[in-house]
C-alpha cells in the first residue's frame, strides 16, 4: 500500500474474461507455450551460430528476451485466474506486475526504433556494416533502451503509488493496467492521466518518427540501387521488422489513447490480447519464416536431428 495515502484496498480482483474460460485457458496456454518455445529457440539459435553474430540478430535476441519477460509478467497470472473462481492479486503484486509490464513494453518500443536504424545502416553501408555498427555501439543502444524503460516505468509506478484506492476493487481487465486502475481510485487522477498521455505520446511519437526517418532514408538509398534484384533484396530485409512494428504499435496506440470509460475498457481488453500475447508469439515466427539465413540454419538443424535419430534407430536395430 502506498505510504501517506488512505487506501483501504489491499487486493484487487481481476475480472478478466467471464465467458468460455476453459476454452480461453487452452488458447492462451497455447499462445504462451508458443511464445516461450519460439523466443527461446530464437535466442539459442542466435547465440550458438556464429553466422548470426551480427548486429541485426544481436538486437533480435534482445527483442525475443523482452517478449518472453513481457508475456511472462501477465500470462501466468491470467492462466491461473481462468481456472480460479476469483482472480485475486494483492495491491503490491498489482503494482509489481504493472512495473514490469511497463518496463518491458517500453524497452521493446524503443528497441524496435533502434532496429530500424540498424536496417538503414545495413543497407546504406553493406560493405562496412560491422564498422558502422560495432558491438560496443549495439550494447550501448540496448542498455539505453533498458535505461529509458526503467525511467518510464518508475514514473508511472510512482504515480500509481500516490493514489488512494478506497473501493471497489474490481479491475475490469485481465492484468493491472493504468486506465482501469485510474477508474477505481478515489483520488484526483488528472495528473496521472496527463503524465500517462504525455509519456506514452512522447514515446510513440519519437519511436515512430525514428522509424519513419530511418525507412525514408532506406527508400532513398534503395532508389539509388540500379539492379531490380538489389532493390528487392534490400527491401526483403525490412519487411519482417515492419510487420513487427505494425503488430506492436497498432494495438498499443489504441490501448492508451482511447477514452477513459467503462465501455472503452472492454475494447481495450481485446486490444490488449494482441498487445500482450499475440505479438510476442508472432515475432519469432515472422523473423524466422521470412529470413533466408534463419530458415537455412533451421533446415540444417532439422536435417542433423533427423540424421541423429536415424543413426540411433539403426544402432538399436
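Using N, Cα and C of the backbone, Cβ positions are placed for all residues, glycine too.
Since this is a predicted model, take the numbers as computed values, not measurements.
Annotation source TrEMBL lists transmembrane segment at 23-45 (among others).
If you look up TrEMBL, you'll see 38-287 marked as domain 'G-protein coupled receptors family 1 profile'.
What TrEMBL lists as transmembrane segment is 57-75 (among others). Under 8 Å from some Cβ of the transmembrane segment (57-75) lie the Cβ atoms of residues 28, 31-32, 35-36, 38-40, 42-43, 46-47, 97, 100-101, 104-105, 107-108, 111-112, 114-115, 118, 135, 138, 141-142, 145, 174-175, 244, 276-277, 279-281, 283-284, 287, all in the same chain and six or more residues away from its ends.
Annotation source TrEMBL lists transmembrane segment at 95-117 (among others).
Positions annotated as transmembrane segment by TrEMBL: 129-149 (among others).
For the transmembrane segment (194-226), the residues of the chain that approach it from at least six positions outside its boundaries are 106, 109-110, 112-113, 116-117, 119-120, 123-124, 152, 155-156, 159, 178, 234-235, 238, 242, 245, 249, 252-253, 256-257, judged by C-beta separation under 8 angstroms. TrEMBL lists 194-226 (among others) with the feature transmembrane segment.
Annotation comment: TrEMBL describes 238-258 (among others) as transmembrane segment.
A Cβ distance under 8 Å defines the sequence-distant neighbours of the transmembrane segment (270-289), meaning residues of its chain 6+ beyond its ends; these are 28, 31-32, 34-35, 38-39, 41-42, 60, 63-64, 67-68, 70-71, 74-75, 101, 173-175, 177, 240, 243-244, 247-248, 250-252, 254-255, 295, 298. TrEMBL lists 270-289 (among others) with the feature transmembrane segment.
Taken as a whole, the domain 'G-protein coupled receptors family 1 profile' (38-287) shows an average pLDDT of 85 in this prediction. The stretches the transmembrane segment (95-117) and the transmembrane segment (129-149) are in mutual contact, each linked to the other by at least three Cβ pairs under 8 Å (pairs 6 or more apart in sequence).
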